[in-house]
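Just below is one structure, and these are the notes that go with it.
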Amino acid sequence: MAHLPRWGLNPSPQQGRHHCYPLHQLHISLCPDKALNAGDTHVCLENVARRKLRVCVATCNRADYSKLAPIMFGLKSQPELFELEVVVLGSHLIDDYGNTFRMIEQDEFDIGTKLHTIVRGEDEAAMVESVGLALVKLPDMLQRLAPDVLIVHGDRFDALALATAAALMNIRILHLEGGEVSGTIDDSIRHAISKLAHYHAVCTRSAERHLIAMCEDHSRILLAGCPSYDKLLSAHKRDDYADIIKAWLGDSVKEQDYIVALQHPVTTDIKNSIKIYELMLDALMSFNKKTLILFPNIDAGSKELVRVLRRKGVEQHPNFRAVKHVPFDQFIQLVAHAGCMVGNSSCGVREAGAFGTPVINLGTRQTGRETGENVLHVRDADTQNKIYHALELQFGKRYPCSKIYGDGNAVPRILKFLQSIDMSEPLQKTFCFPTVWECISQDIDHILEMQSALAVDLGGTNLRVAIVSMKGKLVKKYTQPNPKTFEERIEVILSMCKQAIADAVHQNCRVLGVGVSTGGRVNPKEGVVLDSTKLIREWAGVNVRTPVSSALHLPVWVDNDGNCAALAEKKFGHGKGMENFVTVITGTGIGGGIIQHGELIHGSTFCAAELGHIMVALEGPECSCGSHGCIEAFASGLALQREAKRLHDEDLLLVEGMSVSNKEQVNAADLIHAAHLGNSKAEAVLHTAGTALGVGIVNILHTVNPSLVVLSGILAKHYEGPVCQVIRQRALSSARDIRVVTSDLEEPALLGAASMVLDYATRRTY
């Protein structure tokens, strides 16, 4: 039997193959073999068209509208699937808070209902009375609109009234941004709404786990991301941002030379909220930068904060612009291009991270929120000096953009989630006892999205990008020639990464960030290539992180290819679970990485583990670094190629079974081939190379005393035997038993680049 739509009734068994239902509940077309007469009351199921889902979106204030508006636009854009009803209440309708319902009208939404639900007073009693007033007014509205689903956002007291009324009137509730932790009465309200809601669209994996721990049904939880990020990641780089800055702060104010301040009362500690607000204003006045300060929200204590603001003359102060409301699309520009944001608004710990804007979070209102590295917490903000010092540390800095709270695809996920709701399911919620400790993240199709990284490897010849899964699988790989100029190289990297990100969606991968492996000396803290190898031109003194992060809206990590090889072994190879080991790369050059106490060693000037430039002879071949007698001058691919050409020029390379058509094509592989065929001259060269590498590794054993040495690269298998022999002959007895192994990893540079993302980003996963 065909699946029964949610509005259908059970068919009578006597009605045979044509399943019939009451006409007044169906959108119908006639059966071709039966005409409909005036008295007929049934119609065939085969021609039933599912009716539109009536979705009511209720918005209470300027903050929740920024999250709900993208969903409202999405619903409005699909009139064949959804019927949108907009309800406005709360502080939207209060003049002191900017009459922000007008921005909803400016967005060309039809506001079906306006409910005045706020009892003025801005204290605890007024909040309670406002909830009561809303509960008196909401039933009539909900009965009149009869929505299939009510969408409620967040943790405001107005939203609690909405959820309570809808739950008691048997209306399905979709709660946005449940499961989060912030540290005020908002937590209690948010969790109460979650318990009333039937469906959940959360922003982070931690929030998802919290809801599961609260016994919510996992199949009704969607890990969507924050809807506002859909707009943030696509719209914050408008060409007219300078005009917006001038309009709000004056003609003389430049990008990153002003502060955005937004501090709300903490309803469970109003007295301390007032103190912190006063100290913040004093610090901002002393810091002497142009500041856009927004009035606090309508919570208990806001009246007292406004009194402090006016007592200090902030509205008349030449460095301040005090405003009640800024349209969200303009607020995006102001936060994105600010030198710093200060206060305790959730915007600081959520939206500002999308731009890498420095944030100073004051007090406890956001305690428990997941934050990016752009946020500096001053939880005990008890002196002006603390806040002033934080301003000195943060103002003017830039951080990699963070996608903890969204990847720009929340609205399509939520719309698909709404379409999947089966209205024939029982309305009564069921809770999952006991607590589920191990959660499995599901998207709307109940398919596991793989946490993945984009790995970039810059070689002397080729530029490679790969999508790498959490388990080290190369899901897809891309290769292009490495351009000769910086501009072309960055353009190709971005083009390849954007293609990989697009493909990742089809591969069911969620990209957490970008890891870049490159030759040369790298400052991984700043994402800057300090010195490049000779094989990669225009690549010294280059900031790789900023252009890649800004273009892709992803956090970016950069490190030397030798260090990346060590990280690859640590996560996926022989070094897994090892506290102390060394990786030596044997390829075109010689490099490597050192892991001590589970951490990668970079050194004071980021040149630790330049293993190829350990000197093993006072006199020896010239090295690419300009010195003589380095390991690289004896054992690298280039060194073996040099010796192969020398032997070929002296007619001492080729033996029976070998042929080289062109002198220029002679390389290290030819030398190794000749040695395997019994060429004593070639064998002597390889013996010298293996001995030089072995002596260098003995020096490493005596210096850092690792428990394992991993040989990586195309020459590794040829050097393992000679290196072990040198260790047995020349190492101290205490170091002779240290294991030497050849790496099993086929792509150590790409895997190491990915591991930087996977190891760091998943500590605070979106």
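Along the chain as shown, residues are numbered 1 onward.
The backbone N, Cα and C atoms fix where each Cβ goes, and this holds for glycine too.
Annotated in TrEMBL:
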| type | residues | note |
| --- | --- | --- |
| ACT_SITE | Asp561 | active site |
| BINDING | His613, Cys623, Cys625, Cys630 | Zn(2+) binding site |
| DOMAIN | 81-418 | domain 'UDP-N-acetylglucosamine 2-epimerase' |
Self-check item: Residue, out of the binding-site residues Cys623, Cys625, Cys630, whose Cβ gathers the largest set of other Cβ atoms within 10 Å
Solution: Cys630
Self-check item: Cβ-centroid neighbours of Zn(2+) site His613, Cys623, Cys625, Cys630, 8 Å, sequence order
Solution: Gly612, Met615, Ser624, Gly626, Ser627, Ile631, Glu632, Ala633
Quiz item: Of all the recorded positions here, Asp561, His613, which one's CB has the most other CB atoms within 10 A?
Solution: Asp561
Quiz item: How long is the line from the C-alpha of Asp561 (active site) to the C-alpha of His613 (Zn(2+) binding site), rounded to the nearest angstrom?
Solution: 15
